[in-house]
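Chemist: To start, I am sharing the structure in question, which I have written as structure tokens.
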């Protein structure tokens with residue numbers, strides 16, 4: 001899939017923008033603080049209904065206005081789809097082909113994106129919440145039912161934690177009802193995650209071995225707070241541990257086990273990647289991003305859109321070449337932001353170059 005056209009109204013520093021793109025490489029050049037990242041964020045937001053930079057929707061609204069509108073024309077294998085998101089003080093409205101979508105899981109996945117931004121380099125050593133978010137964003141696009149089950153899980157988790165904080169003593173019967181619901185949704189969330197990580201590991205290892213010229217292997221491990229011996233009995237094990245932890249959870253006023261506390265670990269040649277070099281970290285993240293692209297295509301039959309936000313300067317020539325080889329080979333529409341073309345020596349011919357200045361975008365008259 002690829003985005004043919006994007007229109008922004010009152011988005012960040014863009015008062016109004018209407019732009020068309022190549023199905024291949026699109027490079028956005030400009031000085032810092034001109035709107036390059038805002039532009040990629042808009043594509044990301046149109047896809048996922050959320051920003052990767054802020055949780056506050058009001059920060060996305062142009063300072064002179066009270067509403068935001070984003071519309072995009074997406075070319076999928078199945079045909080053209082129009083997406084639309086409108087933000088105001090009354091809330092958010094999402095539409096597909098002008099039809100309002102009641103559920104997030106009905107909208108997300110229509111346009112798939114993979115974002116590679118400088119903050120992704122913190123994925124290995126950062127907080128577990130970053131790695132859970134990484135899983136949730138990818139898996140939610142590939143399998144929308146996952147988002148629905150995760151939403152139900154979080155709703156019951158909030159109820160359980162609220163009860164634990166307010167209760168003066170344990171009501172075992174009431175907790176048992178919540179435990180059964182939480183274990184049911186939580187087990188399905190974990191099953192989806194485990195399947196996803198197993199599939200991602202195969203793709204990521206293939207890319208990582210290519211980047212390292214066969215010198216390194218990459219493995220991934222889903223680290224669950226729920227102890228279980230096989231995937232088929234997660235529900236029973238989860239339920240048992242919830243029941244066993246009633247006193248502890250009551251004392252701590254929160255739920256001590258479940259997918260909300262799970263993590264993801266990375267290993268290079270069997271060694272924990274926390275102890276890897278900076279160069280190895282870059283190779284690992286690059287392998288993951290290329291694996292995301294490959295896996296989304298393998299599981300959905302359609303390519304995602306790749307967003308590279310000021311990361312090419314973080315990669316040496318070898319890693320740049322490997323990334324662009326994958327992009328070209330897989331025919332992935334790609335958006336690259338940069339302050340200069342100096343470190344993009346490996347770019348092929350036929351790219352579209354756009355110049356970004358103070359919230360305006362101008363296509364280069366000469367296609368490179």
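Any Cβ shown, glycine's included, is placed from N, Cα and C.
For reference, Swiss-Prot lists these features for the protein:
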BINDING   30, 31, 32, 33, 34, 35, 36, 37  ATP binding site
Chemist: To see if you understand the setup: which same-chain residues, six or more apart in sequence, place their Cβ under 8 Å from that of residue 32 (ATP binding site)?
Modeler: 339
Chemist: If the ATP site is taken as the center of the Cβ atoms of 30, 31, 32, 33, 34, 35, 36, 37, which further residues of that chain fall within 8 Å of it by their Cβ?
Modeler: 38, 337, 339, 356
Chemist: Inside 10 Å of the Cβ of residue 34 (ATP binding site), count up the other Cβ atoms and send me the figure.
Modeler: 21
Chemist: Which of 31, 37 (the binding-site residues) has the most other Cβ atoms within 10 Å?
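Modeler: When each Cβ's neighbours within 10 Å are tallied, 37 leads.
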Chemist: When you measure from the Cβ of residue 30 (ATP binding site), which residues in the chain that are at least 6 apart have a Cβ under 8 Å away?
Modeler: 36, 337, 339, 355, 356, 357
Chemist: Where does residue 36 (ATP binding site) sit in the DSSP three-state scheme?
Modeler: helix
Chemist: Tell me which residues of the chain lie with their Cβ under 8 angstroms from that of residue 33 (ATP binding site), as long as they are six or more apart in sequence?
Modeler: none
Chemist: As a test of the contact definition, list every same-chain residue at least 6 positions from residue 35 (ATP binding site) whose Cβ is closer than 8 Å to its Cβ.
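Modeler: Non-local contacts for residue 35 (ATP binding site): 12, 13, 14, 356, 358, 359, 360, 361.
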